[in-house]
């Protein structure tokens, strides 16, 4: 008979943030004797679950996908926007071999460097600061012919806000003494995602042939003419920017073309028009053999260079457990099952060796305020049985209630959800202690602690950027460390289990055994 295992259990109370203010705070308003006692008597700390600490832009609220990726990875996992911001700030961007290689090859052959992308401060599909950095990279490396093809936004930015951005780039080119804005067109044409190829064709012709419906001497003049035609940024018609005596910027074989959008969905169609030999969306008037670089991978089947391929996460918590022949269980309701499996495993769909999974069906109700306890009783029953089974070295569980009921904006329901969770935590903590295991209780982001927006007085249904609790229950004498974040959880668990922490995990243990 094998020895019974004493599991390391991680319970993630989804959407269970920490907020001092009591007003409109479902967690404070709920009767939670169990969590109150644990917070009062057990080692605990507060950890960051939003913004830069989880790889999101500064002060941006956390979310479940990002939260679980960070929890399982044991390192900050940067989202594309933040990853690029960081790369540009520390100048790694300017040494990116794919970008520098494309620019150098074009420059050495006397060819042009074309840069295209959504000129926007919206940060949803792209960011104009990244495009500016690309212009600087091309100029620094000695490219003489630098052409910017600006797709205008007006959806993730105000409808008529492109002028200041275009001015900034025209001033930049003037200061460099080389390069120019060569075309402008609304994202409605250049960034279609619904196979409306007639739109994409207009953008393709503008770029490849330097032909459009309109022409202007400067980008700002072209934009003002569009406004006079009653076209907002998003719908600006294909406009060639070319002053008297300037050469045209039509693309030629051997030119470099760098696409500076980082979000894939609206970048794919125009990319395929340039890259796919068998492209049939429309009859291309000019097929041009450019050195095409995607900033990120827009689709696995688009075969061209990628400056920032998807980061594959090596030695996540789940993978490290498997490599060390440990058994693990992932358990949640339908609503958060993908989070404790796929996202916690760093985007890996298949389970690791020794990894079991239990899915509890979430209740079939229109909205969860109608059943705020959700399926927590059944989930707890299965979790307690797994803890007592002696089968698992570690168990990861997510209770969705705080988040799913928090999203409804119904305060009374959120209070009931939190009270249901308190009973569950009591059962789980008792089970863990009865087998000599260890338990960490935390959250992936906040939600239920802020049920009304103080600015508008309306229901607050979104996540928050507040910290989340972390509590230790177990027989080890530990001291909490301040200033933690979600990516410290995996190293904390490994440390409490007496295991080595892989070097890829840059997070730090938050409970030190004394």
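Using N, Cα and C of the backbone, Cβ positions are placed for all residues, glycine too.
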Swiss-Prot Mn(2+) 2 site partner of 14, 444, 445, selected from 29, 64, 487: 64
Candidates 114, 125, 127, the one Swiss-Prot lists with 155, 156, 187, 193, 263, 264, 265, 266, 336 as binding substrate: 125
Rounded distance in angstrom between the Cα atoms of residue 64 (active site, phosphoserine intermediate) and residue 14 (Mn(2+) 2 binding site): 8
Under 8 Å by Cβ from residue 125 (substrate binding site), counting only residues of that chain that are 6 or more apart: 118, 156, 187, 191, 261, 262, 263, 266, 267
Entry from the binding-site residues list 14, 156, 403, 444 having the most other CB atoms no farther than 10 A: 444
Cα distance (Å, whole number) from residue 193 (substrate binding site) to residue 444 (Mn(2+) 2 binding site): 32
Listed binding-site residues 193, 264, 403, 407, filtered to Cα within 10 Å of residue 14 (Mn(2+) 2 binding site): 403
Neighbour-count leader, CB within 10 A, binding-site residues: 193, 266, 407, 445, 463: 445
Residue 64 (active site, phosphoserine intermediate): tally of other CB atoms within 10 A of its CB: 22
Cα within 10 Å of residue 445 (Mn(2+) 2 binding site) - qualifying binding-site residues among 193, 264, 407: none
